[in-house]
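Below: one structure, written as structure tokens.
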Amino acid sequence: MLTDARVYAYSAVLMGSPILLKLFDDNQTLAGQVFRLIKQQENLFTVNRAASEVMAINHAAGQHPVVVSQPVFDLIACAHAVSLLPDSLFNLAIGPLVKCWKIGFQGHRVPSETELQARMALTNPHDVILDDASRSVMLARPGMEIDLGAIAKGYIADVVQAFLRQQQVSSALINLGGNVQTVGAPPEEAGWAIGLKKPFGEADELIGVIGVNNRSVVTSGIYERYFELDGVCYHHILDPRSGYPLDNDLLSVTVISDRSLDGDIYTTLLYGLGVEQGIACLAEQPGIEAIFVTRDRQVICSSQRHFSFQLLDTDYRLVH
Ligand code: ADP
Ligand code: MG
Ligand code: MG
């Protein structure tokens, strides 16, 4: 993001990610409230600690249903529906594979084929059983694990946006480690300028700048969390069909949408679809727009009703 002298920036590390809040007033109290709200939300959804509502479901896998709070039930129901879409790369039951690769965590490794096959048998989204009436979730087999890592930040970014609006804030931006959500635009300006990162580049190296107003911008890239072994890059977006990191020609997908939850869902879905099918899919979703960055340095934009894009790095080629 570009610097603006009028901005008050507040930062924290939460959910294993750097969090940045930008306001146009010096309001430490409000920033503290926002960070507490994020922490509270994280405590419901995390699978990186022993206890959370989601962990309670995982601990009871193969044993019994677990009653959860309405927001947790609703987010799981949403993730479940997306997982059952035809050709969906998104799978809320990916947990056993994520835990076995440990990409982005200590102890990352390449699991054996036998291990991957065993884990894949525990990732069928049809084995996640939801009951609306009792607001409960049951995992049919022992060893199954729900992982909401691909969408929790988007959901939480929307919760923060709603909170800021409720507090009468008219210009603000929250960045939850790659999930940007905004309120309005900076005072007297048309929109926010949000940097599109250069894959595998330094933190401040940008391919270009995205302009938005009152919209979410979510980027998911294979350069975010990965490790290298024998010249192969193993990244954190896993293909539930192979058990391995997804192998295609994309380096990153950025989604511009109203809700950051949709941005998070669509970055994963579009990763799986690739550029051509992805653009075709978006033609039927007028509220969702995307920017794809490919290995051969093309930057491909879908329709551009709700954002502008300015290319800065001429090593990349802009394609519409
Ligand atoms: P982040 O921004 O935290 O890197 P992303 O939104 O890019 O997260 O999603 C990646 C995370 O989603 C992984 O770390 C893992 O927890 C989870 N994940 C990986 N592969 C899949 C998948 N195929 N379906 C759903 N979730 C996934
Ligand atoms: Mg992300
Ligand atoms: Mg995501």
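Backbone N, Cα and C define each Cβ position, glycine as well.
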**Message:** Among Ala133, Ala140, Ala150, which residue does TrEMBL annotate as binding Mg(2+) at the site that also has Asp264, Thr268?
**Reply:** Ala150
**Request:** Check each residue in the chain of Ala150 (Mg(2+) binding site) that is at least six apart in sequence and keep those whose C-beta is under 8 Å from its C-beta; list them in sequence order.
**Result:** Phe90, Ser220, Asp264, Ile265, Thr267, Thr268
**Request:** Reduce the DSSP letter at Ala150 (Mg(2+) binding site) to three states and note it down.
**Result:** coil
**Message:** Let me make sure I understand the structure: which of the binding-site residues listed (Asp264, Thr268) has the fewest other Cβ atoms within 10 A of its Cβ?
**Reply:** Thr268
